[in-house]
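According to TrEMBL, the protein carries these features:
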type	residues	note
REPEAT	59-95	repeat 'WD'
REPEAT	143-176	repeat 'WD'
REPEAT	190-221	repeat 'WD'
REPEAT	401-420	repeat 'WD'
Amino acid sequence: MASEYVPILGLVGQLSSASPTRTWQSAPHPYLPIVATATSDRTVSIHSLRDFRILSTISGGHKRSIRSVAWRDDGKKGESVLATGSFDSSVGIWKREDAYTKDEGGPAGGMTEDDLDLSNEGFTGSESIRGEDSEDWQFAVLLTGHDSEVKCVAFSPSNPSLLATSSRDKSLWIWEAISEEDDYETIAVLTEHSGDVKCVAWHPEREILASGSYDDSIRLWRDIEEEGDWGCIGCIEGHGGTVWGVTWEPRLGKASREELRLASCSDDLTIRIWKKAAPERREERKPGALPSIIRPPSSTELWQQDAILPQMHSRSIYAIAWSKISGRIVSCGGDGNIFVYKEVESNESEEAASMQGTDSNGEAPDRRWQVVAQIGGAHDDYEINHVCWAPRQDRGKQQDDEEVILSTGDDGVVRVWTLP
């Protein structure tokens, strides 16, 4: 790969005045053309993805750096809900009434300039929101319980009433919104990890949670009906260092496989793809014969490595994101570089090609990942803490399914990149 030319990402723009200090993570809104950024100055910056100007600064809810932000997407018209996780060990829930009309169809909710006037309906571009004193963003509730820094927050796409939080205290908490008045109750405290829990990610279609940890492992969790409680249903080992990020494969139309895969990135400089292993065949026995051991069906899932992406980073890989539009993966890390990977079919024999996408085992043909774009020193000499995909919304947009990459760095800057 080193001898091959790799196209360079193009810089579209930079979000204005995200923070005078470090920025940790950015989260695009599920359907509005805005993005929230967590900063070390205890604030959240809200920017427009149309012209990259700052629209609001949310502050007053936390005493230390805000490390993570997540939007709740429950299909509710007229209201945005944002969760913030802080180094002060608490989680904040913020709400804002939106002046817009949500079109149900099309990318990013099908929003048009007529659907949302950010400059005239509340988002003035100069407002500074101060917690409970704000007429726009309301600091609805403060969730406490973690004993140390909150590293990640995430709402479930399949059940938006569920919120997962992870912490340096080696635990994950799962909270559930139980009323319209923002009452949350703790439904699980999960403590099987032996180190900081760096990240959590919900399965896009099922109430299954993945977590990555300082203990080098990935764990999978769900509500186990036969046990009546949340529990660990799988432990994935294979990384040789801290697991900084996990992300689920999105469902990309009919071409997607039945079981979605999971990607992870680590201190060991690798990005790995994992897939659920086929269940073992049960031992056959004669009709009427009892099994040697009577036990309830096992809830444990076995996962195996599907691929290792080309090793491009020279320092820890802090974040990865799997595009819901193109199926590509983007990564960033301590070396200040960004790489984009695409999965392609390996060279197939005529026999394999004639099988119309399946092999003798009924599985997809062998595939491999290749680097299709990159940018070195994306934030000059600073580390990049986070990358994510977002639908393109600025004036340079040429296609409905066009997307951009948002990179969030130690320099207090969020930059917007386009694929070559």
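Cβ from N, Cα, C; glycine included.
Fair warning: this is a prediction, and the values are worked out from it, not measured in the lab.
With DSSP states grouped into helix (H, G, I), strand (E, B) and coil, the repeat 'WD' (59-95) comes out at 0 helix, 21 strand, 16 coil. Listed as Cβ neighbours of the repeat 'WD' (190-221) (distance under 8 Å, sequence separation of 6 or more from its ends, same chain) are residues 151-159, 162, 164-168, 170-174, 230-237, 239-248, 250-251, 260, 262, 264, 266, 274, 301, 303. Taken as a whole, the repeat 'WD' (190-221) shows an average pLDDT of 98 in this prediction.
Taken residue by residue, the repeat 'WD' (401-420) breaks down under DSSP into 0 helix, 12 strand, 8 coil.
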